[in-house]
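A short worksheet on the structure shown next.
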Amino acid sequence: MQGTKFTSGASLEADAENVLRAITPTLDPNRHKGQAGKIAVIGGCREYTGAPYFAAISALKIGADLSHVFCTKDAASVIKSYSPELIVHPVLEESYSVRDDEKGVISGKVLAEVDKWLERFDCLVIGPGLGRDPFLLDCVSKIIKLARQSNVPIVIDGDGLFLVTNSLDLISGYPLAVLTPNVNEYKRLVQKVLSCEVNDEEAHEQLLSLAKRIGGVTILRKGKSDFISDGETVKSVSIYGSPRRCGGQGDILSGSVAVFLSWARHAMTDGDPSISSKNPATLGCIAGSALMRKAASLAFENKKRATLTTDIIEYLGRSLEDICPVQ
Ligand SMILES: NC(=O)C1=CN([C@@H]2O[C@H](COP(=O)(O)OP(=O)(O)OC[C@H]3O[C@@H](n4cnc5c(N)ncnc54)[C@H](OP(=O)(O)O)[C@@H]3O)[C@@H](O)[C@H]2O)[C@@H](O)CC1
Ligand SMILES: Nc1ncnc2c1ncn2[C@@H]1O[C@H](COP(=O)(O)OP(=O)(O)OP(=O)(O)O)[C@@H](O)[C@H]1O
Ligand SMILES: [Mg+2]
């Protein structure tokens with residue numbers, strides 16, 4: 001991204017610390033469990049158990065009250081064993097465990113299990129460690145449709161992006177959808193939606209038109225700087241992160257964006273005038289990106305080359321505390 005039009009515009013840089021301060025709720029003794037956020041991650045299969053864990057535990061470490069994971073049966077006991085804090089639902093099925101003649105019934109059961117909970121969630125994160133099994137992705141398409149009907153915000157990452165890039169109708173025109181593509185995922189989106197290649201000379205305009213063409217979703221393009229657009233504006237978050245590119249940092253980000261998006265919506269409902277005209281999805285992305293990068297830089301200061309995703313997660317709390325101290 002260096003040397004592009006995109007990075008040269010200093011005015012693009014978001015005032016991330018003030019966004020974090022505006023949307024982070026105070027710790028009020030009158031609040032009950034759940035009011036600081038109930039998040040669910042849809043992801044976790046035979047191959048990947050780390051990614052949904054990272055997303056779900058990050059949500060808790062930032063300050064959400066409850067974090068659920070909906071994953072396959074194979075992944076569930078593994079994810080539970082990482083943490084007793086997570087509520088894990090072993091409901092998803094992959095093709096290898098389902099006969100063709102059972103698919104309709106099983107798909108109905110998966111949907112019913114998720115639907116029981118759906119309206120209680122403030123945000124879903126769809127995709128970390130989901131895998132690409134066609135039957136499983138078909139069930140997840142139906143979950144996305146249900147979430148839309150119930151106006152539940154969704155953050156789409158990892159294999160969730162693989163799914164929606166091939167079925168854009170799932171999210172097109174849904175302003176409560178956030179896409180968090182990495183370099184590969186962004187390339188696939190641009191190719192599919194704009195029928196061209198990524199153009200870093202016109203990166204700002206390209207991101208705007210991508211968000212506009214998909215129809216009002218918010219896109220957080222991850223990279224050396226993160227760029228965020230809802231089709232109306234473009235913002236960047238460039239605060240220093242970490243030079244370590246260990247896997248899992250995007251998963252932290254997706255869980256963080258889910259919490260901050262929920263908090264931003266609550267702050268707006270509470271009538272905070274400093275953010276009343278803003279898009280909560282954009283605010284959630286700015287806050288999530290800034291916090292993830294700050295935590296990564298603190299972890300790197302301490303662990304250098306040995307920095308891993310679990311180390312970064314340990315710094316999420318302190319990073320938020322530095323910006324918004326508990327009163
Ligand atoms: N500890 C964990 O559990 C972690 C798990 N993680 C989880 O991993 C998943 C993939 O995410 P990622 O970031 O590796 O995807 P990305 O950069 O597009 O791909 C890199 C290359 O791999 C290939 N490829 C990927 N999946 C494929 C498949 N099923 N079958 C075939 N090819 C596949 C891909 O090829 P292409 O898509 O271009 O065809 C590209 O060349 C996702 O669920 C994520 O959450 C991460 O969050 C890290 C920590
Ligand atoms: N070159 C970089 N310098 C600093 N931070 C970066 C750089 N590249 C990515 N990041 C940060 O790391 C986080 C994850 O981005 P990344 O592109 O690694 O996602 P990802 O490939 O989806 O990760 P994951 O391994 O979890 O799937 C983002 O918050 C982004 O800001
Ligand atoms: Mg990723």
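Cβ atoms here come from the backbone N, Cα and C positions, even for glycine.
Binding of (6S)-NADPHX is attributed by TrEMBL to Asn182, Val183, Asn184, Glu185, Tyr186, Lys187, Arg188, Asp251, and the same site annotation extends, among Gly129, Gly131, Gly284, Gly288, to Gly129. Counted within 10 Å of its Cβ, the other Cβ atoms near Gly129 ((6S)-NADPHX binding site) come to 29, all protein chains included. When the binding-site residues Gly129, Val183, Lys187, Asp251 are screened for a Cα within 10 A of the Cα of Lys222 (ATP binding site), the ones that qualify are Val183.
With a cut-off of under 6 Å between the Cβ and any atom of ligand 2, the binding-site residues Lys187, Arg244, Asp251 reduce to Asp251. The distance from the Cα of Cys246 (ATP binding site) to the Cα of Val183 ((6S)-NADPHX binding site) comes to 15 Å.
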